[in-house]
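Novice: Got a structure for you, written out below as structure tokens; questions coming shortly.
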Amino acid sequence: MPELIEQSKIISGNVCGLPQLHKLRQDNCGLYSHIRGIPISYGNVDLLTTGVRAFVEEGIALCQPDQVHICDGSEQENKVLIKSLLEAGTIVPLPKYDNCWLARTNPADVARVESRTFICTERREETIPTPVEGVKGTLGNWISPSDMDAAVQQRFPGCMKGRTMYVVPFSMGPVGSPLSKIGIELTDSAYVVASMRIMTRMGAAVLRQLAKKEEFVRALHSVGAPANGQVEQPSWPCDPERTIILHKPAENLIVSYGSGYGGNSLLGKKCFALRIGSTIAKQEGWLAEHMLILGITDPKGEKKYITAAFPSACGKTNLAMLNPSLANYKVECVGDDIAWMKFDSQGVLRAINPENGFFGVAPGTSMETNPIAMNTVFKNTIFTNVASTSDGGVFWEGMESSLAPNVQITDWLGKPWTKDSGKPAAHPNSRFCTPAAQCPIIDEAWEDPAGVPISAMLFGGRRPAGVPLIYEARDWTHGVFIGAAMRSEATAAAEHKGKVIMHDPFAMRPFFGYNFGDYVAHWLSMEKRGQVPKIFHVNWFRKSAEGKFMWPGYGENSRVLEWILRRVNGESCYVDSAIGHIPAEGALNLDGMKDKVDVKEIFSLPKEFWSQEVKDIRTYFESQVGADLPASIYQQLDELSSRVDNL
């Protein structure tokens with residue numbers, strides 16, 4: 001990163017690529033309450049390991065905070081944070097619930113910013129495939145080391161003047177688990193600290209773990225301030241014009257500026273758990289994936305664990321918290337968003353949820369769609385950009401049936417709202433940040449340091465036409481091809497364009513930490529490392545010619561999981577098809593279903609549709625990935641093409 005003062009130079013052993021400035025380096029003179037001459041407002045500097053302390057000192061030199069707060073994760077500390085957030089007007093209390101708070105952000109800071117999210121490597125091709133000339137690449141953004149340095153130099157010097165720098169030690173995964181990794185985030189946002197306390201294992205226990213083995217990901221975050229010095233909303237400072245999120249995998253470094261929104265500021269989540277996580281996983285021979293993890297127990301008491309990768313708005317959280325309609329089946333939740341998976345010494349693929357909470361999209365969550373989530377979120381939760389009610393509660397689209405009469409609603413912008421307002425009360429990307437341990441169906445092994453054994457992996461998306469309810473990959477390579485070819489319906493940014501089918505390989509398109517072609521090769525290599533699970537593709541969203549969903553979804557999805565369990569147990573309850581194994585006639589248990597399902601139609605494979613699908617996948621692979629895609633994936637596409645020709 002940039003040199004900030006004349007003749008400063010980066011010395012060997014620099015822990016994070018931030019400048020180590022010889023002129024400014026000084027001993028702390030044994031003072032407990034200062035670090036580099038900056039007062040410690042909370043916490044004990046003696047708990048910092050050598051590497052953490054060096055990182056903090058570099059952050060102080062760069063950002064120039066007024067004081068430093070070393071987080072311990074305690075209840076007492078949380079009260080201090082909540083008090084400061086209340087005083088700043090960042091949050092308001094929700095007296096209807098137990099220890100719940102509502103934050104309203106600057107309206108310009110409401111979501112992840114893909115166009116400003118970069119991976120920094122020496123060579124561009126390490127980060128992204130080279131698309132065909134004239135085609136815009138969609139598999140990540142690369143930035144050179146010199147441009148990253150310049151971006152930091154333009155934004156960070158002095159950005160924490162007048163503010164507190166919080167030192168946030170956090171563990172992704174149970175503290176001490178062989179599958180876990182540690183991070184240190186430096187931030188000037190108390191909202192981030194309070195949220196990280198929910199989303200990660202945060203505090204003194206992490207520093208004690210680092211004292212045993214000092215390996216950690218460095219994460220630097222500032223909400224920033226506009227270059228003109230005018231803060232629009234003092235309760236939510238940010239700098240939307242200059243927001244940037246940078247990752248440097250070679251140095252396990254994340255740098256984020258200008259946004260307080262969760263995906264850009266809670267750096268343990270997508271930045272660490274997926275982007276940096278996937279690069280570490282490649283080096284160490286494991287997988288860091290955008291997947292839920294659930295446990296399902298059949299009527300005989302036999303339990304299996306399944307992971308599933310779906311793009312956003314395709315029901316990951318709903319499946320992770322499934323309430324099965326099939327009698328005597330039980331689903332339990334290990335995680336709803338991210339899975340880290342590694343083979344154990346016996347070659348069994350084991351997964352942990354590296355997170356400690358749920359950062360879920362609120363709108364659409366209701367007692368009808370996800371009663372388990374609704375029974376999770378109304379205590380110890382930070383809500384962001386949902387609407388509030390006059391009786392001290394919250395509201396979002398989907399909660400209409402639970403509204404008491406005569407309750408007034410204030411929308412996410414702080415304005416009065418009625419159902420005739422013509423716009424949503426809650427922002428479409430509004431969130432709840434809630435502890436996972438509160439989930440009524442949290443799995444008993446959700447914090448098992450060894451992880452849970454994975455028997456099946458699901459890929460899926462929102463496909464209104466052509467794609468059957470469920471099919472199984474023929475083998476591992478075919479399964480990897482299915483993941484690479486994933487597509488899902490998304491609403492185009494411009495409404496008049498209507499719905500478009502977007503490519504979202506492995507549901508990871510915004511989160512790859514390195515070249516997608518190398519990522520696919522890494523997935524293919526897993527077969528040589530241990531016992532790989534079976535792979536399936538599901539589609540809950542196929543529609544009839546009349547535009548009605550052909551499958552009722554929600555609890556009825558347990559019927560699909562039952563068939564998956566039968567296949568995992570080796571039952572030959574399938575027939576082969578052009579695209580993979582589908583349930584044999586009568587093999588999908590439909591007993592007792594209220595809705596009549598046209599089984600023939602929901603498993604039909606229209607030749608015209610699949611011929612076009614093959615063409616679209618080929619165009620995507622050739623234009624976006626080209627020679628970087630392993631030859632065996634092109635071979636899978638050729639084989640699919642010839643099978644479709646014979647439909």
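Glycine too: its Cβ is placed from the backbone N, Cα and C atoms.
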Novice: If Swiss-Prot says ALA313, CYS314, GLY315, LYS316, THR317, ASN318, ARG431, TYR554, GLY555, GLU556, ASN557 bind GTP, which of ARG275, ARG350, ARG462, ARG463 does it name for the same site?
Specialist: ARG462
Novice: Among LYS213, LYS248, LYS270, LYS379, which is the one Swiss-Prot gives for the Mn(2+) site where HIS290, ASP337 also bind?
Specialist: LYS270
Novice: ARG104, ARG112, ARG618: which one does Swiss-Prot list with TYR261, GLY262, GLY263, SER312, ASN429, SER430, ARG431 for the substrate site?
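Specialist: When Swiss-Prot describes the substrate site, the candidate it includes is ARG112.
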Novice: Which one is it, among the recorded positions CYS314, GLY315, ASP337, TYR554, that lies nearest to GLY262 (substrate binding site) by Cα separation?
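Specialist: Comparing Cα positions, the closest of these recorded positions turns out to be ASP337.
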Novice: State, in Å as a whole number, the widest CA to CA span among the GTP-binding residues ALA313, CYS314, GLY315, LYS316, THR317, ASN318, ARG431, ARG462, TYR554, GLY555, GLU556, ASN557 given in the record.
Specialist: 26
Novice: Do any residues at least six apart in sequence from LYS270 (Mn(2+) binding site), in the same chain, have a Cβ closer than 8 Å to its Cβ, and if so which, in order?
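Specialist: The list for LYS270 (Mn(2+) binding site) reads ARG112, GLY263, PRO510, PHE511, given in order along the sequence.
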Novice: By CA-CA distance, flag whichever of TYR261, SER312, ASN429, ARG431 among the binding-site residues is nearest to GLU556 (GTP binding site).
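Specialist: The answer is SER312.
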Novice: CYS314 (active site) to HIS290 (Mn(2+) binding site): how many Å between their Cα atoms?
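Specialist: That comes out at 13 Å between the alpha carbons.
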Novice: Measuring Cα to Cα, how many angstrom lie between ASN429 (substrate binding site) and ALA313 (GTP binding site)?
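Specialist: Per the Cα atoms, ASN429 (substrate binding site) and ALA313 (GTP binding site) stand 10 Å apart.
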Novice: Between ASP337 (Mn(2+) binding site) and THR317 (GTP binding site), how far is it from one CA atom to the other, in Å?
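Specialist: Cα to Cα, ASP337 (Mn(2+) binding site) and THR317 (GTP binding site) are separated by 7 Å.
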Novice: Enumerate the residues of the same chain, LYS270, HIS290, ASP337 excluded, that satisfy the criterion Cβ within 8 A of the mean position of the Cβ atoms of the recorded Mn(2+) site; list them in sequence order.
Specialist: LYS269, ALA273, LEU274, ILE338, PHE511
